[in-house]
Amino acid sequence: MSKRLSPQLQHNITEDAYCETHLEPTRLFCDVDQITLCSKCFQSQEHKHHMVCGIQEAAENYRKLFQEILNTSREKLEAAKSILTDEQERMAMIQEEEQNFKKMIESEYSMRLRLLNEECEQNLQRQQECISDLNLRETLLNQAIKLATELEEMFQEMLQRLGRVGRENMEKLKESEARASEQVRSLLKLIVELEKKCGEGTLALLKNAKYSLERSKSLLLEHLEPAHITDLSLCHIRGLSSMFRVLQRHLTLDPETAHPCLALSEDLRTMRLRHGQQDGAGNPERLDFSAMVLAAESFTSGRHYWEVDVEKATRWQVGIYHGSADAKGSTARASGEKVLLTGSVMGTEWTLWVFPPLKRLFLEKKLDTVGVFLDCEHGQISFYNVTEMSLIYNFSHCAFQGALRPVFSLCIPNGDTSPDSLTILQHGPSCDATVSP
C-alpha cells in the first residue's frame, strides 16, 4: 500500500508517496496487483514473480494505451454519429417510399381496371349477334364482375402487405436508432473520462488503471451496424393484363436516329455495338449510355405496349423519349427528356434504376425481358418483368409534350468490345390504329 504525505508534492513521484510498511519512497509499480511498491516490497515473496517496472515507465505505458483508446473512441463516435444520422434519414425516406409505392399500386390498379372494363365491353360487342341470349350476356357480366372483384382483392392485399412491411421496417430502424443513440452517449462519456485520465498526474493515472483500461476496451467491442430492412420493391404486383396482347405494337428502330456506334439488323428490331467503334477516352469506370436509338414509330395518343429482350445485354436502357430528334446520332440527350429503366451488371450483381428521379430498385435475379406500357391520356408509363409477370415500376401523371417515341440504349464500353445487344420482340398481329406516322 502507498500513502500520500503532502498534497503539494503530488507531482514529484520521488517525494509523492511512501510505503506505509517500510516508510520508503514507492518508485515501482506492480502491474498484477495495480499498486506502487518500494524497493523492499519488490524483494518480498509476494511480488517476486509479478511484472514490476518503474512507476514513471508504468504511467507512460498506460498513458499511451489510454491515448490509443481515446483516438479509437473518437473514430468510433464519428461512425456511430454517422449511423445515427443515416437511420434517422432512412426513417424519413421509407415513409416517403411507402407513400410512393402506395400511389404506384393504386395507379396500376386503376389502369388494370380500365383495361378490364374495356375488355369486357369488347367481349359484349363481339356477342352482339347473340344479344337475344340473355344467359350468355349475364355470364359475361358475371365473369367481368368476378375478375374486377379478384383484381380489387389482389391490390388490397398488396396495400396491406406494403403497410405491414413498412411498419416492420420502421420498427427495425427505431431500434437501430436507439442503439446508435445509446452508443453515442456512452462514447461521449468515455471520451471525457479518457481525456481526463490522459491529463492526470502519475499516481492519479495509475489508480485503477487496468480496470479503466479493460472497461474502455469492452465499450469499444460493442458492434454497431445499420438495420437490415426489406426493400419495398419486393412487394411485387403480379400478373400482366390480357389487354396487353391487343395493345402490342410492332416497333422498328429508326436508322436516322441511331448512334454511329450502333449496328442495326436488317429487320430493324435488333441493335448491337459495332466492332472497333468504341470510344476509349475518359474514365474506364464511367457508364456512357449515349449509344442510343429511337423507334421509328411515335405516339401522340392512346395506349401502347411493347417488349424488349435484354438477356444479351449487360448495360442497357429502355423507355420513352419525348421531344424532337435532330440529325443522325444527335438525338437530344438531356435526361429530363426521357423516362428510363436502366439495367446493369457489376460482377454477379444485377442492378435496376429508374429515372426521373434516379432511384435504385431491388432485383432478385437477372432480367431477361422488359415490357413497357404507355398510356398517353393518363400520363402513365409502366415497366414489367415479363418472365416473372410482375410490375417493376410505374410513373403516373407524367406531363408529356409532343410526340412520344420508344428509346433504346446500350452502354459504350471503354476498352474491350462489348457483345451487348437488344431486340424488340413481336408476338402475333399488332393493332397499330392509334400509332401516328
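Just so it is clear, glycine is given a Cβ too, placed from its N, Cα and C backbone atoms.
The shown structure was predicted, so the numbers you read here are calculated from the model rather than taken from an experiment.
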Open item on the list: I'm validating the feature mapping. Which of 14-55, 56-97, 140-181, 308-349 is tagged zinc finger in Swiss-Prot?
Closed with: 14-55
- [ ] Determine how many residues of the zinc finger (14-55) DSSP places in helix, in strand and in coil.
- [x] 11 helix, 13 strand, 18 coil
TODO: Tell me the Cβ neighbour count for H22 (Zn(2+) binding site), meaning other Cβ atoms within 10 Å of its Cβ, over all protein chains shown.
DONE: 14
Task: Predicted model, mean pLDDT over the zinc finger (14-55) - done: 74
